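Report on the following structure.
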Amino acid sequence: SKYKNVKLEMENVHLALEEDDLYSGYNDYNPTFDSEELENDVGFQQAVRTNHGRRPPVRNTHFYFSPCVRPISESDGAARPMTAVRAAGYTSSLTRGSTFDPLGQSRGPAPPLEAKSEETAEEKIKILEMKVNDLIEESCMAHSIGALQLALEKAKEAGRKERALVRQREQSGSGEHINLDLTYSVLLNLANQYANNEMYPEALNSYQVIVKNKMFSNAGRLKVNMANIYFKQKNYPKAIKFYRMALDQISNTHKELRIKIMQNIGVVFVRMGQYSDAITSFEHIMSESANIKTGFNLILCYYAIGDRERMKKAFLKLISVRLGIDDEDKYIPSNVGHNMVIEAIKNDKLHQMERDLKALAEKYIMTAAKLIAPAIETSFAAGFDWCVDMVKSSQYVELANDLEINKAITYLRQKDFKQAVETLKTFEKKDSRVKSAAATNLSFLYFLEKDFDQADRYADLAMNADRYNPAALINKGNTVFIKQDYEKAAEFYKEALRNDSSCTEALYNLGLTYKKLNRLEEALDCFLKLHAILRNCAQVMYQLAHLHELLEDPQQAIEWLMQVISVTPTDPQVLAKLGELHDAEGDKSQAFQYYYESFRYFPSNIDVIEWLGAYYIETQFCEKAIQYFERATLIQPTQVKWQLMVASCYRRSGNYQKALETYKDIHRKFPVNIECLRFLVRLCTDMGLKEVQEYATKLKKVEKMKEIREQRVKSGREGSARGRKEDSSHSGSSTKGERLSAKMRSLPASSEPYEASSPKELDASYVDPLGPQTDRPKTGAKKRIEDDDFADEELGDDLLPE
């Protein structure tokens, strides 16, 4: 039976044919499945780059390539054992008789896109809403860059679009789904833009539309905006009414907003002069939520009503306000790993805001102290001392020294220089920063008083206390400049600029120093840089004009002076300088125009008067020249040449009788004036008068006195020359004595009247009126403006102290 069973089993076993080997083909290599060579297959890469090649693969289809998988033969049928590739999505039916097409190109092109159906009403509404929102954003952005008109136009357009949106909703039957938030945004933005463009009636109407609409929640807050508009229109009663209406509609939970509205109410009461009502508002704020601005306003109100005790209490409240600023210790690194964090937050927006808030608080405290100091005590000094003591015991202890310095500056404004100096001297033993500031002010004071030694001493003290103080370096440079050590002064000014590149005083003084050193190009460079910083500074533009004149560029100098005139159109010295430059260029008409304008603004400039008189004589209008020479006579009554010019003008105009009277009047004032006697002799002779012999006798006598005087001067000069040749042991004393005797001999005797003008002075501005008509005074301006002579107090070459 055993063998029988084996036999039965063998009957159920079918042997495969020799040609149909189940394991054949596993080692065959088919290049179609080689994925590594696809990069070098030109046809495949070209297919990938085409539109069809970029089509996405069939979903859930993954291609795996394996060279060790053989093709399935037909004899396998469905009873083929499962292989490892079936899990990847392959089946025998897919591969049998099919070609390799991983990109699906055999399917043909993709079907065309379906045409978009017409937009529905709801879609149109959504698109319109998006347009309205975009217009609101564009309006706000335009306002942020200052384009107020464009912002208003965008706001109006948003309003039109929003109304069209509402109509479209009503037509589509969805009127109950109106977007109230969008309507509110459009109306509010439109009202704000009207207010920004100062179209206040339109803005109020737009706000009123929002406020009266009961569908808008919290619209009552907009009454604050309406009150602000009434405030700008100076309609203060109505502003207070709307502020109070807004206050009534804001709950106590919004405490900060209520405080701000009450602060506005207090400010309006101040504008109306109702200080008691303003004090009520400010006191309530200080008790609920104290802040710096309200504390300062409260002090102003108490100052206005003159309540000393309340001023003190309000000042104490002001310096006790907490700013909410953390301690500066957090900006000090505690360990090495903290350094990067500290550097990141050291100058961030939050720290800048803290610094600005602290600076504002210090400004209000300083201003309040300077305001109430004279009012809270019997004297200004006692009041300031009280404020300093209170500040020292507060959180602003570092302000105490600044208040002391302000006390000294206030003494300066009151012209009490002694008290100012004494106050500043108390800082000599304080810390370096305060000591440097006090010493700088002391140096400035002594410099103004022309006590240059003391100014130099305190400038050194200020520099030693703080070498990086640009003001101290400037004052030191000024003291060296006065000693004419210009090179050293330039070094101090340069050091001040290195410490503070925006220090305009140092740059101005450096330009003046270079001008003194005749380094004109460098001076010009300094003033051009300064002009870029101070665009409308008349002093800088004048210096640029003067430098161009020194560089022999008169046209450029005239252009700069024209800019000076545009800033200070009534400066007589600049107008006279323009006249001089035009006269040098040969443009007499323009020169006359500027000289005449200069005379109009300052009729006491003797050089301008002389030029105008000479101009009228040259243009044959002697009658007009008389008024100018008469004014010169009033300005310089001891100068005979102006009176002689008046007489000459009368003679040239043919008024000989008036000329004779003028010469007689001159003779009474100056009886030894030779020129006057000569003119009297000539006129009396021509007119046939009897006084001719009298004047001729006087003329001979005066001429003889003049000869004797000249001989004395000549002999004195010869004697001094002989004295210089004597032995060196006696030369000092003898020369000095002879020089003194020569000077004494050159003076007129005690019995002789003093001759007011010498012939040399007359030759410079006057000729014989009886000579030919061409011998007239020169028309060129007599004024010769030197480096320091032209500018007055406003436009001088003065150093700028710090």
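Backbone N, Cα and C define each Cβ position, glycine as well.
Over in TrEMBL, the protein carries these features:
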| type | residues | note |
| --- | --- | --- |
| REGION | 96-119 | region 'Disordered' |
| REPEAT | 220-253 | repeat 'TPR' |
| REPEAT | 259-292 | repeat 'TPR' |
| REPEAT | 470-503 | repeat 'TPR' |
| REPEAT | 504-537 | repeat 'TPR' |
| REPEAT | 538-571 | repeat 'TPR' |
| REPEAT | 572-605 | repeat 'TPR' |
| REPEAT | 606-639 | repeat 'TPR' |
| COMPBIAS | 707-729 | compositional bias 'Basic and acidic residues' |
| REGION | 707-802 | region 'Disordered' |
| COMPBIAS | 746-757 | compositional bias 'Low complexity' |
| COMPBIAS | 775-786 | compositional bias 'Basic and acidic residues' |
| COMPBIAS | 787-802 | compositional bias 'Acidic residues' |
Q: Kindly report the helix/strand/coil residue split of the repeat 'TPR' (572-605) according to DSSP, in that order.
A: 27 helix, 0 strand, 7 coil
Q.
Can you give me the average pLDDT across the repeat 'TPR' (470-503), rounded to a whole number?
A. 92
Q | Helix, strand and coil counts within the repeat 'TPR' (259-292) (DSSP) | A | 30 helix, 0 strand, 4 coil
Q | For the repeat 'TPR' (470-503), sequence-distant contacts whose Cβ falls under 8 Å of one of its Cβ atoms, 6 or more beyond its ends | A | 436, 439-440, 443-444, 447, 452, 455-456, 458-460, 462-463, 509-510, 512-514, 516-517, 533, 799-802
Q. By DSSP, what is the split of the repeat 'TPR' (538-571) into helix, strand and coil residues?
A. 27 helix, 0 strand, 7 coil
